[in-house]
Amino acid sequence: MASATLSAAAVDEARTGPHEAALRTLRQATEHLGLSDVVRQAYAHCKREVAVSFPVRMDDGSSRIVTGYRVHHNTALGPAKGGIRFSQNVDIDEVRALSMWMTWKCALLGIPYGGAKGGLAINPRDFSKAELERVTRRYTRELADVFGPDKDIPAPDIGTDQQVMAWILDEYSVVAGHLAHGVVTGKPLELGGSLGRALATSRGVTEIALAAVREELGEPVGATAIVQGFGKVGEGVAQLLHEAGVRVVAVSDEFAALSNVDGLDIPALQLHVGEHGRLEGFAGATARERDSVLFDEADLLVPAAVEGVLHEGNAHLVRARIVVEGANGPTTPEGDRVLGERGIIVVPDILANAGGVVVSYFEWAQANQGYRWSEQVVEERLQQRMLSAWNRVKAFADNEDLDLRAAATVLAVSEVHRAQQLREELVAG
């Protein structure tokens, strides 16, 4: 497949963080669509940004100041939707980028949401469960006028889970004066969560990965894969690829990596991680430096951890034939360019990891209907959405002589722009 690269103006921009990466891709999309600089600037800016700082009482009686954010990028298609992450790396640059990617992700998958993201700049491992509950409830109170089932619907992300969502739901409901099941997604089943939500992002990544392998290499049974990151997304991807007959030859987490050319025993590895909390110490595999497996030979590489792991300084070392972005923004624009020049296919995050927001939408719809779907129905509808989006992006990329990231972003931006025009919020071309 032919691969378009960034425009000269975008390439000349200095390499910076995830927000700059998002802006570069936006520039390419608006240039392809022939949109004016005014329109590009409108989409380059976020609609709403809230920063909060507050003290939290620790278990030892001391207090700690915590900083957090919530950003809405664009809400032309519907309420703001996006995860909340607890990570010491959270900053406004990252949150802006993630909110923009959520806008494009929802538009591309036909989900009636806008893009949002939020987070607290903390390492959750430094907090007890009671302390995490206090910080979550305080963050929710600070943003109670921002959140709402028809305004802004958070979900889990890095460092958060269904328990955190339950705390948000409860605290918001106390402030609102009524039980609001639809204010968060990714919550426990007992509080209105959806069957199939836990593996939704992983299942979506896997569906796209298998489709890409079939398109480029043939049947996936016996294909080889590397999964970087063994958290809530990566572990599920490794499991589902293994179940599909793909040989997962290497995995990594934040501490170490493991490899086995004959394929890792993923069910046994999951049991080990469940018991020990990390990959280290697993028998039947070769222990490796954490990031070294990114450059092993394989048919498929799934970076499923954090942003910016594939960049100009290491993309020339990648030996996978297909990269499927399980994480948000794992490839920088410079890395993307190098991979494209080498003929490596990159399936972008806004397509590949959209399964989570798809099933979040299903959960929200079920809450509004007061009717729970079966797990089979959820999985079938997720597969249909993901494969439909894949086919649409692939066909558009081929017809327009674009790489998959450019094609996906152009399609997403055009959806949002049409909605803006119909609402007469942005009439300039």
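Glycine too: its Cβ is placed from the backbone N, Cα and C atoms.
If you check TrEMBL, you get these features:
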BINDING   LYS81, LYS105, SER360  substrate binding site
ACT_SITE  LYS117  active site, proton donor
SITE      ASP157  site 'Important for catalysis'
BINDING   THR201  NAD(+) binding site
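When the alpha carbons of SER360 (substrate binding site) and the residue listed as 'NAD(+) binding site' are compared, the span between them is 10 angstrom. Its Cβ placed at the centre, THR201 (NAD(+) binding site) has 31 other Cβ atoms within 10 Å. Summarising the environment of LYS81 (substrate binding site), the number of other Cβ atoms within 10 Å of its Cβ, over all protein chains shown, is 29.
In the three-state DSSP scheme, LYS81 (substrate binding site) is classed as strand. Around the Cβ of LYS105 (substrate binding site), the same chain contributes ILE111, GLY115, ASP349, ILE350, LEU351, ASN353, ALA354, VAL357, ALA412, each under 8 angstroms and 6 or more positions distant in sequence.
Counting other CB atoms no more than 10 Å from each candidate's CB, the recorded positions ASP157, SER360 peak at SER360. Residue pair ASP157 (site 'Important for catalysis') / the residue listed as 'NAD(+) binding site' shows a Cα separation of 11 Å.
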